[in-house]
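Notes to accompany the following structure.
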Amino acid sequence: CTTGPCCRQCKLKPAGTTCWRTSVSSHYCTGRSCECPSYPGNG
């Protein structure tokens, strides 16, 4: 990966890394994608 909330220095962040947070919940990287599941920027 090159960009995305679950990418750091062209490598995937580990599964379970917080990729975005709201006041009521957190969403976590899967370790298999540079995109965050349910990330608002995903369209």
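Backbone N, Cα and C atoms are what each Cβ position is placed from, and that goes for glycine too.
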Looking at Swiss-Prot, which of Cys34, Cys36 bridges to Cys19 via a disulfide?
Cys36
Based on what Swiss-Prot records, which one of Cys1, Cys6 is disulphide-bonded to Cys29?
Cys6
Three-state composition of the domain 'Disintegrin' (1-43), taking helix and strand from DSSP:
3 helix, 11 strand, 29 coil
Which number gives the other C-beta atoms within 10 angstroms of the C-beta of Cys7 (disulfide bond), all protein chains shown included?
17
Cys1, Cys19, Cys29, Cys36: which of these disulfide-bonded residues has the highest Cβ count within 10 Å of its own Cβ?
Cys29
